[in-house]
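A quick write-up on the structure given underneath.
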Amino acid sequence: MQSVPPADNPQQLPVTIAAKKAPKKLTLIPLIFLIYFEVAGGPYGEEPTVQAAGPLFALLGFSIFPLIWGIPQALVTAELSTAYPGNGGFVIWAECAFGPFFGSLMGSWKFLSLVINMATFPVLCITYVEKVLPALGSGWPRNLVIFISTLVLSFVNYTGVTNVGYAAVLLGLVSLSPFVVMSVMAIPKIHPHRWLSLGQKGMKKDWNLFFNILSWNLNFWDNVSTLAGEVDRPSKTFPLALFTAVILITVSYMIPLFAVIGAISVDQNEWGPGFYATAADMIAGKWLKYWMEVGAVLSVVGLFEAQLSSSAYQLLGMADLGMLPKFFAVRSKWFNTPWVGILFSTMITLAVSYMDFTDIISSANFMYNLGMLLEFSSFLWLRRKLPELERPYRIPMRLPGLIVMCLIPSGLLVLIMAIATKTVYLVSGLMTVGAIAWYFFMNFCKSRQLFKFDKR
């Protein structure tokens, strides 16, 4: 694949040119479920919001956050992905708006947040499975399972993004099924007054954890943009897929949360990662608990596959744009997948997969938030800078309304960053310094011709 950048004409679209052996394109239904797994993957992992702030705030969070956080991201992604339908997504947007330095910085922030986030999925899976197999709770068995599962899932991704898309449909339906059953069986046991509880007396609210879990469960709407070159009729498919995914994700979070909070009364501290399996046992019995464990494993598979695809194709897109050496765009002769990007992403994911779960999501969120602030800025600047740019899908708002739309989630981004811990500031600061150094190192490599780069 080769991407044509907007070198001399700023309105020229950096579209992806198909290789001789063009891969099969992603269609609507697989794309919907890829977005679903990019962002959510099911209600697994939302439980700590109850632990952090109590039932009422958890319900309010998952009712309001998708509207003020997810929808603006989905709208921006729909407009810019159809205007710039090339692999690279948000990297292309930032470069077209502010130049190659910010394009590279955007790529580094988003890539690091994505591969760090991917490390949470095997950890979350083990957290559920250890309730059935306690031996996986710690030590070498836990570490070995994380290592092997990461390698196996990476190989599955190597077989092709279209295969991943169809697998996502099946994984999504199966992983959601135990929540449907649990929610239906919980109805006779629901006491609505439990929804209004502010939490246990004497239980201090952990707003840092609360907002990080909320944003972690509703982040990465724009990741699918890095697959734009692999989508069939992106101008029509992207907007419809994104809007459908917003509804699917919101409903999949809300219904189980309302059902379980209303149906059972437990110590608030019990609402940690993996609590839904315990809740399934309390509501229906061991059989549903085991079904929930299987669903958790399948959800993790879908999450990992979707996000690994995005990270690998992002690297491919950056190589096509001349930001990375050409070898990052090398595709497998068998499956036409960017195997170098898959391998590179997997190595970094393995390196951080043994961190504490909360530290992982906090660091991933911080890097993602930096990238989102730049993304919203790029979107607004492109509307002002290139008002006549062809946009097959265009948000039906003028610039002042768009500014307001972007300011609301941007305020939440700043809030989450402001309450981060010193460790997260340190890690994110070092990564940002490394990202800046990486940009100048790539320029040095170009000037000395140490690697081959696509010409700009």
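Cβ atoms are placed via backbone N, Cα and C, with glycine included.
These figures come from a predicted structure and were not determined experimentally.
Annotation source TrEMBL lists transmembrane segment at 26-44 (among others).
Nonlocal intrachain contacts for the transmembrane segment (56-76), taken as residues 6+ away from its ends with a CB within less than 8 angstroms of a stretch CB, comprise 39, 46, 49-50, 195-199, 205, 210, 214-215, 217-218, 221-222, 242-243, 245-246, 249-250, 253-254, 257-258, 261, 372, 375-376, 379, 395, 405-406, 408-409, 412. As annotated by TrEMBL, transmembrane segment applies to 56-76 (among others).
Annotation source TrEMBL lists transmembrane segment at 88-105 (among others). The list of residues near the transmembrane segment (88-105) in space but at least 6 beyond its ends in sequence, with Cβ under 8 angstroms from a Cβ of it, reads 3, 5-6, 10, 14, 80-81, 222-228, 314, 316-318, 320-321, 323, 371, 374-375, 377-379, 381-382, 385-386, 432, 435-436, 438-439, 442, 456.
With a cut-off of 8 Å between Cβ atoms, the residues of this chain six or more beyond the transmembrane segment (111-129) that come close are 44-45, 136, 142, 145-146, 149-150, 216, 219-220, 223, 273-274, 277, 292-293, 296-297, 300, 303-304, 307-308, 310-311, 314-315, 345, 348-350, 352-353, 355, 357, 360-361, 363-368, 371, 431, 435. If you look up TrEMBL, you'll see 111-129 (among others) marked as transmembrane segment.
Long-range contacts of the transmembrane segment (141-158) within the same chain: residues 122-123, 125-126, 130, 135, 164, 167, 301, 304-305, 308-309, 312, 332, 335, 337, 339, 342-343, 345-346, 349-350, 353-354, each at least 6 residues beyond the stretch ends and with a Cβ under 8 Å from a Cβ of the stretch. According to TrEMBL, the transmembrane segment annotation covers 141-158 (among others).
According to TrEMBL, the transmembrane segment annotation covers 164-187 (among others). The list of residues near the transmembrane segment (164-187) in space but at least 6 beyond its ends in sequence, with Cβ under 8 angstroms from a Cβ of it, reads 26-27, 29-31, 33-34, 36-37, 41-44, 156-157, 252, 255-256, 258-260, 262-264, 276, 279-280, 283-284, 288, 291-292, 294-296, 298-299, 301-302, 305-306, 309.
According to TrEMBL, the feature transmembrane segment maps to 240-266 (among others).
Taken from TrEMBL, the feature transmembrane segment applies to 334-354 (among others).
The transmembrane segment annotation in TrEMBL covers 360-382 (among others).
According to TrEMBL, the transmembrane segment annotation covers 402-420 (among others). Sequence-remote contacts of a segment are chain residues at least 6 beyond its ends whose Cβ falls under 8 Å from one of its Cβ atoms, and for the transmembrane segment (402-420) they are 68-69, 72-73, 75-76, 207-208, 211-212, 215, 362, 365-366, 369-370, 372-373, 376, 379-380, 383, 395, 428.
Summarising the annotation, TrEMBL assigns transmembrane segment to 426-445 (among others).
Put simply, of 26-44, 334-354, 360-382, 426-445, the stretch with the most CB pairs closer than 8 A to the transmembrane segment (240-266) is 26-44.
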